[in-house]
Amino acid sequence: MKNIRNFSIIAHIDHGKSTLSDRLIQMCGGLSEREMQAQVLDSMDLERERGITIKAQSVTLDYKANDGETYQLNFIDTPGHVDFSYEVSRSLAACEGALLVVDAGQGVEAQTLANCYTALEMNLEVVPVLNKIDLPQAEPERVAEEIEDIVGIDAMDAVRCSAKTGLGVDDVLEEIVKRIPAPEGDPDAPLQALIIDSWFDDYLGVVSLVRIKNGSLKKNDKIKVMSTGQTWGVDRLGISTPKQKDTLALNCGEVGWVVCGIKDIHGAPVGDTLTLAKNGAESALPGFKKVKPQVYAGLFPISSDDYESFRDALEKLSLNDASLFYEPENSTALGFGFRCGFLGMLHMEIIQERLEREYDLDLITTAPTVVYEIVQTDGTIIHIDSPSNLPAINNIQELREPIAECNILVPQDYLGNVITLCIEKRGVQTNMVYHGNQVALTYEIPMAEVVLDFFDRLKSTSRGYASLDYGFKRFDAADMVRLDIMINGERVDALAIITHKDNAPFRGRQLVEKMRELIPRQMFDIAIQAAIGNHIIARSTVKAMRKDVLAKCYGGDVSRKKKLLNKQKEGKKRMKSVGRVDVPQEAFLAILHVGKDN
């Protein structure tokens, strides 16, 4: 056990975590030259295309150190996006240390800070690493000072390396062996194994990634899942080197995968504890705090025949992604579907894309909303995540919206732009600290404004230099209203949104205009209205297509023309009373993008 080192790699987006992982694998001979490829751990197609890490991946390597001993390194490559920070905290729970990778050109960013504090709260040893020192704009001295100044850990002797060229990577390995403590635990105690992650394999069933805290786990052991009490036999177990490699046992302190032939998707939830069926441990390990979804949206299959396969796909995906929440929902406009909860807009995009790709589904998404807290007139408090669940206005005593605390790091040159953006998003500044050339801002901004497009706007106003980290703070009373879109006098439930009263007329006009462009012309006029309750605040009309009924009258008497025109009018009127308007697919998507173009 004294030769095992468990650590995670944490960093801001694009600071070179996955490339550093590649080098570590290469130096320790985890894969042959032929199998090596760039970002070998980002195995999903989506990850490769977008160049981001979405799932944390674990690897076990053997490293022969300078002191002549061979060490077993178990490391986990983690995502950098704020939407996937729960993946990071889960990975850290399985480790004794973390490599804090900082880009020597860019310096400390908000996500570096957030992840580092998570690691320090869990009492992990944090080893700073300055990456990308081969770049001409690298300033390792300044960045080391910045780490000490902003993060508050000693960084003067931080390892300098370039993961791309492989320079200094052996120093990183030596630092890991020297500074990160060996795992604690009792090999003779009853087995306690923490499930860090699980995924569904079509042939093996549920595969779980576990960290053995106490005891050891062997092939053919009978094990028990502590939360459900079910028992299973261990069919296979092993380590990833990143290839799956079978072993006969996992010992105390190791990280590996286990297959027990569990077919039920909820058989081994993430954060649960495995123990032996006979003489097992009494108590479970402390799991992870459940993450609450911040954004909710309705997902509906385009053809209702896909509903069953959509449900199966969601079940399989939620096993792999512990923070996805879903419940059935039906809508008069879109039929049966699910109300899903996500951690942010990127998370929502990724999930939708994974469902469409990996499970061949065609989906429609409704406008995303956050969770609102409502005090009803009888004093009861309810939480709603969908505009259609909003009670009638005379039953609401107070409507409270969620406020997010945002930590923004920005270079001084862009400070003005960022402050203007925060004010536009109804933000309130609570703190501002200067660190050299960087400014750390703390704002309280309504969650609805943050999740929609705040991140994109922040990046564009600061030319990509500002970085953001946010978390839920509290609920505050606010003047919010439900904005309905009516088409020919009928409310379309899937188009309703909840918005601030001051923005409502503007949002209403924008939506109505957008709808007018997207709804195809019919044989009769279509009225598109935006309404708050019974009060119409915006309207536009899709004009009818009409036939020129006077074409065959040359000259002729005016009464003859009137007769033909009136006959046409009557027909249109009759048509309007029976005609139905189908809202096209694009109209639902347009709601998501309204307000981004201006």
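Backbone N, Cα and C define each Cβ position, glycine as well.
Taken from Swiss-Prot as is:
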| type | residues | note |
| --- | --- | --- |
| BINDING | D14, H15, G16, K17, S18, T19, N131, K132, I133, D134 | GTP binding site |
| DOMAIN | 2-184 | domain 'tr-type G' |
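Taking Cβ-Cβ distances under 8 Å and a sequence separation of 6 or more, the neighbours of G16 (GTP binding site) in its chain are V101, D103, N131, K132, A163, K164. Long-range Cβ neighbours of I133 (GTP binding site) (same chain, at least 6 residues apart, Cβ-Cβ under 8 Å): A104, P140, R160, C161, S162, L167, G168. When the binding-site residues S18, N131 are compared by the number of other CB atoms within 10 angstroms of each CB, S18 has the fewest. Within 10 Å of the Cβ of D14 (GTP binding site) there are 15 other Cβ atoms, across all protein chains.
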